[in-house]
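**Q** When I checked Swiss-Prot for this same protein, it listed these features:
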{"type": "BINDING", "residues": "L7, S8, G9, G10, L11, D12, S13, A14, V15, C16, M17", "note": "ATP binding site"}
{"type": "BINDING", "residues": "C197, C208, C211, C214", "note": "Zn(2+) binding site"}
Amino acid sequence: MKAVCVLSGGLDSAVCMAMAKSEGLELYSITFDYGQRAVKKEIIASKKLSELFGAVHKVVELPFVKDFSSSALTKKEEEVPTIKNSELDNLEKATETMEKVWVPARNMILFSISSGFAEFVDAKYIYTGLNVEEGATFPDNTEEFLNRFNSVLEYGTLNKVKMKSPLYKYSKKEIVKIGKKLEEKLNVEFLKYSYSCYHDNKTDFLHCGTCESCMRRKRAFKEAGVEDPTEYIL
């Protein structure tokens, strides 16, 4: 049975892909270039992860997305927001930073294209790494969004491909724990090849350590009691 993994190269999508691999599925992966700052590093990470899990990897360029986005992820003149560790669970602050990196209808666009790719390769499932931590502020990272999108797929695809997000109830800490167990089960070290940073840093897999995504990654490994293999600038 085939599955397509929506792969940003980040921690969540990497663990999600490992889960699909552990289920014995034939894997395809799809990564999107929509003009985001870290796209080069995301593609490098996604290619490496795809190699590790034996997935057929495809990169899709979507240059038009940045043309109607004022997000700090796609506009270099906009400053990427930072957040203190003590503010990560502050809903008001997290919502404020979310709005600065929000790309209009991003998941709607990416998931729609992933659905077309899945139908083309006759995949039964699409795996994506939605999680409860990001779902607290990003409306397109929620269980409700997932369920409603699946309802659309029943009418929008002939093979009625279904989107799965096995991590949507888990926090980043729990995702790290799941990832570590999967490394042991699959005998593949993959967590160190994931890339979470919002920035395009000088070397592959080097993280800034100060953007919100890096801060959540740091905290997740620390709280999970798992050694963090990530190299941070700060």
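Each residue, glycine too, has its Cβ placed from N, Cα and C.
These numbers come from a predicted model, not from an experiment.
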**Q** Tell me the Cβ neighbour count for M17 (ATP binding site), meaning other Cβ atoms within 10 Å of its Cβ, over all protein chains shown.
**A** 30
**Q** Looking only at C-alpha atoms, tell me how far G9 (ATP binding site) is from C197 (Zn(2+) binding site), rounded to the nearest Å.
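**A** Roughly 10 Å, rounded to the nearest whole number.
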**Q** Neighbours of the Zn(2+) site C197, C208, C211, C214: Cβ within 8 Å of the Cβ centroid, same chain, sequence order.
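**A** The surrounding set, listed in chain order, is V80, S196, Y198, H199, N201, H207, G209, T210, E212, S213, M215, Y232.
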**Q** Counting other CB atoms within 10 A of each CB, which of the binding-site residues L7, C197, C208 comes out lowest?
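**A** It is C208 that, of the binding-site residues L7, C197, C208, has the fewest other Cβ atoms within 10 Å.
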**Q** Would you say which of the binding-site residues L11, V15, C211, C214 has the most Cβ atoms within 10 Å of its own Cβ?
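**A** When each Cβ's neighbours within 10 Å are tallied, V15 tops the list.
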**Q** Sequence gap of 6 or more, Cβ distance under 8 Å: name the residues on the same chain that satisfy this around S13 (ATP binding site), in order along the sequence.
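**A** Sequence-distant Cβ neighbours: C5, V6, L7, T128, G129, S194.
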**Q** Taking DSSP as the reference, which of helix, strand or coil describes G9 (ATP binding site)?
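**A** Going by the DSSP assignment, G9 (ATP binding site) belongs to neither helix nor strand, so it counts as coil.
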**Q** Write down the Cα-Cα distance for L11 (ATP binding site) and C208 (Zn(2+) binding site), rounded and given in Å.
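**A** Just about 15 Å between their Cα atoms.
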**Q** Name them in sequence order: residues not among L7, S8, G9, G10, L11, D12, S13, A14, V15, C16, M17 whose Cβ is within 8 Å of the mean position of the Cβ atoms defining the ATP site.
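**A** Near the ATP site, the remaining chain residues are C5, L49, G129, S194.
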**Q** Rounded to a whole angstrom, what is the C-alpha distance between C197 (Zn(2+) binding site) and L11 (ATP binding site)?
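**A** Just about 10 Å between their Cα atoms.
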**Q** Relative to the Cβ position of G9 (ATP binding site), how many further Cβ atoms are located within 10 Å?
**A** 26
